[in-house]
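Some notes on the structure that comes next.
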Amino acid sequence: MPAERKKSASMEEKESLLNNKEKDCSERRPVSSKEKPRDDLKVTAKKEVSKVPEDKKKRLEEDKRKKEDKERKKKEEEKVKAEEELKKKEEEEKKKQEEEERKKQEEQAKRQQEEAAAQLKEKEESLQLHQEAWERHQLRKELRSKNQNAPDNRPEENFFSRLDSSLKKNTAFVKKLKTITEQQRDSLSHDFNGLNLSKYIAEAVASIVEAKLKLSDVNCAAHLCSLFHQRYSDFAPSLLQVWKKHFEARKEEKTPNITKLRTDLRFIAELTIVGIFTDKEGLSLIYEQLKSIINADRESHTHVSVVISFCRHCGDDIAGLVPRKVKSAAEKFNLSFPPSEIISPEKQQPFQNLLKEYFTSLTKHLKRDHRELQNTERQNRRILHSKGELSEDRHKQYEEFAMSYQKLLANSQSLADLLDENMPDLPQDKPTPEEHGPGIDIFTPGKPGEYDLEGGIWEDEDARNFYENLIDLKAFVPAILFKDNEKSQNKDSNKDDSKEAKEPKDNKEASSPDDLELELENLEINDDTLELEGADEAEDLTKKLLDEQEQEDEEASTGSHLKLIVDAFLQQLPNCVNRDLIDKAAMDFCMNMNTKANRKKLVRALFIVPRQRLDLLPFYARLVATLHPCMSDVAEDLCSMLRGDFRFHVRKKDQINIETKNKTVRFIGELTKFKMFTKNDTLHCLKMLLSDFSHHHIEMACTLLETCGRFLFRSPESHLRTSVLLEQMMRKKQAMHLDARYVTMVENAYYYCNPPPAEKTVRKKRPPLQEYVRKLLYKDLSKVTTEKVLRQMRKLPWQDQEVKDYVICCMINIWNVKYNSIHCVANLLAGLVLYQEDVGIHVVDGVLEDIRLGMEVNQPKFNQRRISSAKFLGELYNYRMVESAVIFRTLYSFTSFGVNPDGSPSSLDPPEHLFRIRLVCTILDTCGQYFDRGSSKRKLDCFLVYFQRYVWWKKSLEVWTKDHPFPIDIDYMISDTLELLRPKIKLCNSLEESIRQVQDLEREFLIKLGLVNDKESKDSMTEGENLEEDEEEEEGGAETEEQSGNESEVNEPEEEEGSEEEEEGEEEEEENTDYLTDSNKENETDEENAEVMIKGGGLKHVPCVEDEDFIQALDKMMLENLQQRSGESVKVHQLDVAIPLHLKSQLRKGPPLGGGEGETESADTMPFVMLTRKGNKQQFKILNVPMSSQLAANHWNQQQAEQEERMRMKKLTLDINERQEQEDYQEMLQSLAQRPAPANTNRERRPRYQHPKGAPNADLIFKTGGRRR
């Protein structure tokens, strides 16, 4: 990048200051006539003193050199530190990305494992279901075949004679049939095989029908009935008759037993499937019972569980049902389930139609209940929004209805799966905005996506981490340290609950919402009694604390060492003022001091925190929340003490101890945010304060809202109640005549909880490439990353005009860049110009146009961008993108554009408008330090004269009065700028003095320019624009030469060489004159005036026709030459690396071309030099290439051709030189013939001939050294 002027200028300023000091030291007061007669000792002293400045000069130079070295080292260290910080940031970002990727991979692997485990579990369940279905099918099929073939296989009469027919055993067996269980299958089967029950069939049938079976016992009962049916022919008809009578008797029951109905229906279906009843008898009985159940249950659907049980266990055989779960398992795992072959499809169809009708009525009931539930929820939300809470009856009614709806929904889903039907659509009712308050987006932690911190619970990410991310003590602390503690806490809590149940209802420590409401009502009714109760409560509280203190002191006598540890811990607790320290303290307490007495000590220490240390409350609350999973009694005891202290202050109703009250309320709020203090209790505390909204209660309510109001208002479960209380508070503020201080506090608390909605700005959508360009320029660009950004910018598709225009536009809009990074954009542009020349031109034009547009529009909303543009223009000069003429033209425009010469007000520059002064100071502060030598120094001196006149003209306007004086910050800004640029400048003290300086300056330059100042002095330039143009011509090509002669780098500006510094130092010493300082005016020399007069009185160019003809002819010749050269072919020169001198000497010192072996070797080979690099060192090796190779032959031919061309050019040059010498010799002879020849006194020394026309000397060119004779 181009070398900055900043380094050189600072060094030159120091040199100028040192030179001025040296001059001041060297100057001596002129010796008067009275002081001339002095002793010789004084004269010698003066000579010794004259040596002092030289020593001082050397010391100052050494100090200056040391300072420069220190500054250079300091800058290098800063650069290294910045690079290290950047590397650290990049490493941290890489680590974060790696951690995120690792977490994502772990989550993905965990998800895949869970999916695989779920799939494996599903497969196992499907296989188990498949196996059970086939086993059940085979068992039923075998049992059905046996029962259908029973008439042919029943035993004869002689078989029964061998069985036991005793009354005792048979009656005992019949009694056992009333309590059939699956566990008794074997014993009952064994007893049945040994008994003759021919005379007890009726009793057995009655016992079986009246038996209280479970669903798991139905298979055992069906097995026993099969045994009866296979042995006794009259068992099945008797059983069928009893079942019919049993069902007829059940129709008369008002409240049938659903469990018995479910098992009976399943029992009949099982008896029909296994063939005890015929299909006609059994199916008709099942259909009648099922139809009666469904018809009686079409509205209430209380017997839906009976239908579901029937479909689950017997639906496949009776109704031909295939559940959706079975279908999906068969399709997914390619399983074949047993077909329904027992009953024909024609007999199954009525059951299917009946069940589908029932499911239709069930879905209608579900939709109806769903609508009613939504209506109830909507009404409850409205009541909460209006009143803040629900009545107990309504809340209980809603919970019961919601439970019945959930049960109905689950039954509907089960029946839909069994019938392979789809569930109906149940649309969710979207809450209206009015139900949540105006424009409030309630924060729900379960929502996917990022946290919306602007509309969420917490103010920022740090607050969220502080209140939510707590350390898990159970992961660090051994479980044995708090396991017993948890057991004891559970026992204590159980004892406390039993004690509280026995206590009377007016217990003061009750914390339920109802008790708080009762206390609130009592507050409103009986004020005097409450004050007494509050006093008694305070006494009880202090007694309790004192008793605990005495008890602990007695315990401490036995364990003094632990007491010292606990005391040291409690003393250091107020020093835990950050998250790490308080977390460490929590872990320390849990590891080393976890006893019941120490926990009480900790609670008391937290409770009696000093009222001035409000900063400790969030950390103490975090300590309590961290300890809560391991020792919950700390949070419970502290909350109960704070609750009691709060009620004491509310009931006391005094106007003292406001700091203690605020401390208690703030502590409650902090514990609420950690969810240690319940939201209901916090809201009821706020309600108690609002009930008596006066004096200290106002401050306490506002403090509570400012601590946890946003948390309560943004939480879904407490939003409605909080909004009602906030509205109540605002209504009380309007109705009551409160002090202005209280009004401000109430409004601040309200708007902190519920800030007014802000309009969200719509972000403009841009193409990705434009977004990347803006990211590079506006985010990534910094002093350290300039080189990287330049590399990325060079990779852009610059051939695309749209991309180039957008980059130029982004650079012109410099106000989008951070103010401290504007110089980085100028640095970047200077490096980019080497590859894209037109970009720099367009950017400079755009910046100048924007500055001009700002002066024309002159609106305050553009002031910041105008400051940035002015700063950018100065930085462009620092990086040699513009010349000084552009800077001074802009500065003069600030003091002249739109300014009326007569001083009348202008709309472009109003009297009270001082922003142009700020723009001038901004440019001068940016690049004015480089105008310290040469013509640019004189230009700045001249401009400062006009600038002072502009400032004093602004000060003299009538707008500024004693009541409304001229802004003092503008004066300070001007003085700071001028002190930096011209420390010795003499400022004007009035408008007249500034005008007089301008007139003197204009008159002086008019005289120097040799112009007549009679008329022109009257019409002289008002603001020095013509003067600036003349000075630009006077500066000549020095600026452009300086601009074009230096290459640019990206990282740091180039360091100037020592020779340039010496030349600039000499120039500074020669031109170290200031037109505005008194010393410079006094030290003006006659030599400078004479030089100026020579410039003014020199030859002047007179335009004539011959000049125009000459210019036209020259242009024509140049054009023809260009056209001729464009048609020629361009010959590409071959690269020929020069051989080092020491190798040339070695080659020349080789063997001569004489005879012998050396001659043959040199004739057969040609020496070449091979260049190699090893590390940073170059190595040369001589190779003798044979002449037979193509490389040597081509090189030899090329050398011969060059030698011939060289000899031809030499001969041609010699001929020209000889011809010119002959012509000159003839002219000399003619001139000598006209005048006598001078005597040659030195014949032996022949002078070298110098050709008057500058002809070349061939001997010098070709180094022949010979003489022509």
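For all residues, glycine too, the Cβ spot is worked out from N, Cα and C.
What Swiss-Prot says about this protein:
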COILED    57-133  coiled coil
COMPBIAS  427-438  compositional bias 'Basic and acidic residues'
COMPBIAS  487-511  compositional bias 'Basic and acidic residues'
COMPBIAS  1025-1073  compositional bias 'Acidic residues'
DOMAIN    168-396  domain 'MIF4G 1'
DOMAIN    571-755  domain 'MIF4G 2'
DOMAIN    774-984  domain 'MIF4G 3'
MOD_RES   T1085  phosphothreonine
REGION    1-125  region 'Disordered'
REGION    94-132  region 'Sufficient for interaction with UPF1'
REGION    143-162  region 'Disordered'
REGION    422-444  region 'Disordered'
REGION    487-518  region 'Disordered'
REGION    755-1269  region 'Sufficient for interaction with EIF4A1 and EIF1'
REGION    837-857  region 'Binds to UPF3B'
REGION    1017-1090  region 'Disordered'
REGION    1081-1269  region 'Sufficient for interaction with UPF1 C-terminus'
REGION    1102-1195  region 'Necessary for interaction with UPF1'
REGION    1102-1126  region 'Interaction with UPF1'
REGION    1164-1204  region 'Interaction with UPF1'
Given a Cβ distance threshold of under 8 angstroms, which distant residues of the chain, six or more beyond its ends, lie next to the region 'Binds to UPF3B' (837-857)? 804, 807-809, 811-812, 814, 829-830, 865-866, 869-870, 872-873, 876, 881-882, 886, 890, 893-894, 897-898, 908, 916
Per-state residue totals over the region 'Sufficient for interaction with UPF1' (94-132) - DSSP helix, strand, coil: 39 helix, 0 strand, 0 coil
For the region 'Disordered' (143-162), find every same-chain residue at least 6 residues outside the stretch whose CB is under 8 Å from a CB in it, and list them. 196, 198, 222-223, 226, 229-233, 273-276, 342
Kindly report the helix/strand/coil residue split of the region 'Binds to UPF3B' (837-857) according to DSSP, in that order. 21 helix, 0 strand, 0 coil
Take the region 'Disordered' (143-162) and count its residues per DSSP category (helix H/G/I, strand E/B, coil), listing them in that order. 15 helix, 0 strand, 5 coil
Taking DSSP states H, G and I as helix and E and B as strand, how many residues of the region 'Interaction with UPF1' (1164-1204) are helix, strand and coil? 16 helix, 20 strand, 5 coil
